[in-house]
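TrEMBL annotations:
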DOMAIN    463-969  domain 'Cas1p 10 TM acyl transferase'
TRANSMEM  481-501  transmembrane segment
TRANSMEM  532-552  transmembrane segment
TRANSMEM  564-585  transmembrane segment
TRANSMEM  605-626  transmembrane segment
TRANSMEM  633-650  transmembrane segment
TRANSMEM  683-706  transmembrane segment
TRANSMEM  718-736  transmembrane segment
TRANSMEM  826-850  transmembrane segment
TRANSMEM  862-880  transmembrane segment
TRANSMEM  892-912  transmembrane segment
TRANSMEM  932-957  transmembrane segment
TRANSMEM  969-986  transmembrane segment
Amino acid sequence: MSASLPVSTAGGERMVAMIAARNNNNNSSSSSAGLSSLVGGVSWPQVKRGLLIAAAVFLVLHLLRLSSGYDSCNYLLNAEGSVQINPKSGAKSWRPQGCMAREFGSAATAAHACLAGRRIVFAGDSRARQLWLGMIALLDKSAVPQVTQQDYHTDMSVTVATPSPMLVPGKKVNSDLTFAHELGLNRHGHNVTLDFLWLPFVANQSLATISSRLLLAGEHNPNLLDDAQQADDGTTTAPQGAFTRPSLLVHGVGLWDVRDLITPDQVEQQLTEVYRDSLQFLNDLDGHAAGDRPRPGVSAKWLDAHSSLWEQSSADLDIFWGVTLNVNEANLRPDRQAITNERIAQFNQAVLPVAEDFAHSLHERAEESARGGNLDQQPLPHRAGRLALEPLIVPDLPHTADLATQGGFLAPNMLISRSIGSIGKAFAEDSTDGVHFPDAAVQAQLNVILNAFCNRRHEAWDRPDDVTCCAPYPALTGLQYVFFAVVLFALVCWLGGSYAARHHTGGAVASGAESAFGATARARHMLSSPNLLSVAMPVAQLGLVLVFAFLCDRTHIFPKERKIYTHFDLIASIGVMFVAGWCTLTHVKTAPTFLSRDQTDEWKGWMQIVFLIYHFLGGSSVLPLYMLVRVFVASYLFLTGFGHFTFFYTKKQFGITRIIQVLTRLNVLTIGLCMVMDKPYQFYYFVPLSSFWFLVVYAIMAFPSIPAVQKRFPGLDAPARILALFTICSIVWLPFSGNYKSTSADDFPIFQFLFDWWPIKELFSVSDSLYEWRFRSGLDCFIVAHGMLIAYAYQIAKSHGVIHDNQPAVRPGTTPPPPGPLLSGLLFNTATSAILSIVSIGIFCWYIMFTRSCTDKAYCNYIHTFSSPFLVAAFAFLRNLTGRSRAVYSRFFAYIGQLSLELFLLQFHIWLAADTKGILVLIPGTSGFWRLLNAAFTTGLFVAVSEVASDSSALIVSLLAPGDNTRAVISRFCGLLVFCGVWWMLRQALEANTETYQHY
């Protein structure tokens, strides 16, 4: 028997046997096959092929969408968002559809990092003022001004100090670097200037009008303008560089035009004139910068004043225009009764096409500036040229290849948002006066604005992994190009070799009958003759899985969304899975022993399902659920100790082949993911844990015995080894101070001595820190030794006749066995079984009460370290209490358990997204039906891809570590180590280069 993880194998032949058994099970027509026949006689292999074909179709469809220009910014700005309601507090929150946005309300540091040294302008009515106040509160609540009624229709300006020195979270810097130097901020200091301009009508939104109002603001604010000089035409002339130039302009108008019963045609005409004036204004500034003579009616001094505000800066300017939000008509004052949602919709319908024309015009200016050419503003064909000017020639300016650094044409970026309309629909009912919104709605609008503005400016702050809206992914590294080239080469060899083999054998592959994703005959052929085709097939298949993971999680091809947790979703999902497990119960294929292979696969399977649902829903914030998952991780490590101890104790085989086979099987997919996803090894934490504890068990069991001690105390050798492991774990992972909250390295000197040296530290560290590894490995530091202890106790009890676990329960209609002490099939005698049952149930009850009462996560983790061994042992006993319970298992759970390694690894990038922080969306939609359909499809695809990866990984391991050739095993494993070492050195060398970003 063996209860080791499915990733630990005795040789290549065993891996081939596993694949063959799974294929036979899936193709079986028996009603008890579980996964073989689903609905209407459709088998799982057929479903798997259909899912993979559908995934290819979705890939093509999403690529077409992306090629048409619909990227993650479009999801943020234009897609219909969704509103989530907190089940406890009832508070509303808004999330965009199709991308993951940053919650700036809970990350003020990120807002400071993005906006430091910038000037943000809000122009519009009282709703724009509400956004202005919300932005100030986001940056510094103490800086929010007291706005009285006499200030309602006036311009206001506030300067918010940015904490200094302040560093972007997660960014490594030297202590002598200042904040501005580190972020590359040469924008007139660290402070954030926030202006509000009372311009409530559409007719007042031209850039010339806004620029003049900003210049006037400088007269009254010495922080914005020094030594102001009066021009002949009454405007202000400022010395060069005296202003903090605007970086973001937010328009917020519409209600006053709607209130005054301005018709849609009049609104369209007014906004057309506004944008014509804005384009003319930009054209005047361009000509002035090039030294051209001003056009009639425009003075040089006027242009000097405005150039001081806009020169060399508009390439960094975003203009945000959002649709006018709905009102709560029932709560409107009498003088606002003319404002209706119907008229607001007509207003938006009139202004959006004109705003789109302006955006296209600005985009054309930017393209011409990048090319260094002239831009003749001709009529736009799809809008009949309503923004065409008489004649508008943008001068040819030198050095315009890089807008961000050289200036070029004044071509701001226009951001038009329809998505915030869904914010208005969701929060309008919460408006007390019918017009203004609660803080949650204001924060939602600011999140849209800041995500659109900040996420593209990666030089100003580090984009976290869980932000995809408007956020570019890092450009491909040279090593990733090499990896993709290897996959392409293997794919060509596989397809070409298969084609040639078919033609040479009259349609049959020479090495045996071929199946869709792995064939037993071909696998056996590989073991005996690893030619190019035999190597290329599993490498190409695994490579395609890794490429698909890259496309899912490192590009904008597929949308990604935030997780949504509800208790109902958790219970319903787990309930459906356990119904499937119950319906696939069948008899074990081997003797019904304690923790048989079928039973441990089942155990790992249902735990993996709960683990995946926990990640999919984002249940880590629910502390009892978090503690339950911690017990599941401990159970996996318990089985590692139990299975590997049983193997070494019973077989006494400590050859190098066993080590290489287990480590290669555990790490082949992990290494591929680290390479293609550019992640550290410790990121996939369970694989380092399993690999490390396997080596620990091997070292403990393979350590030579002392002949004299073994001769005198022959029965204490194994207990002494287990006791030694308990002692070592206590010394290494328990803090010397006894403070369970301690994170100081000085409290763990033995741990630091063992792991804080190269190359061990490089292997287990995250961001040059060993804290994560110390936490992960120390959280369950006793469970592996406990698994070894249970395995030893089981072997001793069985050898002394205390346990008779190979006698099944009496089935109805069968002849009972002869009378014996365990005719009932109990694991122990009746009295012992009763006592242990009561104790086990008591342990479960205590743990449930503890997790519900524990509120300190650090203390919960500390207690978990000592309590998890008893919980796992209690479950193992109850699961094997009777002969009937040992004689049955769930084929569905066992199937999932056989894929547990691949499911754990690939969930990071295929089923989930943004390195598990979001979910992958192949079928977009905001309603519950579409979300359920997407979850069902991505889950099936995820399992199908994981099976492909499992079979391919097993075949690759069979090639790298054939069980009957020790010399070949060692040489190929050394070659793999050399390959990984070279790859690591190249990666370290490339890390010094400046990181570039690009959209995919």
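Heads up, the Cβ atoms here are built off N, Cα and C, so glycines get one too.
Owing to the predicted nature of the structure, the values given are computational and were not obtained by experimental measurement.
Residues 32, 34-35, 84, 87, 602, 605-606, 609-610, 613-614, 616-619, 621-622, 625, 888-893 of the same chain lie 6+ residues outside the transmembrane segment (564-585) yet bring a C-beta within less than 8 angstroms of a C-beta in it. Within the chain, the transmembrane segment (969-986) has long-range Cβ neighbours (under 8 A, six or more residues past its boundaries) at 478-479, 656-657, 660-661, 664, 671, 675, 762, 959-963.
Contact between the transmembrane segment (633-650) and the transmembrane segment (862-880) is supported by 3 or more Cβ pairs under 8 Å, counting only residues 6 or more apart in sequence. Mean per-residue pLDDT, taken over the domain 'Cas1p 10 TM acyl transferase' (463-969), amounts to 85. Counting Cβ pairs under 8 Å that are 6 or more residues apart, the transmembrane segment (932-957) and the transmembrane segment (532-552) reach 3 or more and are in contact.
Put simply, of 481-501, 532-552, 683-706, 826-850, 892-912, the stretch with the most CB pairs closer than 8 A to the transmembrane segment (605-626) is 892-912. Residues 5-7, 18, 22, 25, 34-35, 545, 548-550, 552-554, 580-581, 583-584, 598, 600-606, 608-609, 611-612, 615-616, 636, 666, 669-670, 673, 677, 683-684, 686-687, 918-920, 938-939, 941-943, 945-947, 949-950, 953 of the same chain sit 6 or more residues outside the transmembrane segment (892-912) yet have a Cβ under 8 Å from a Cβ within it.
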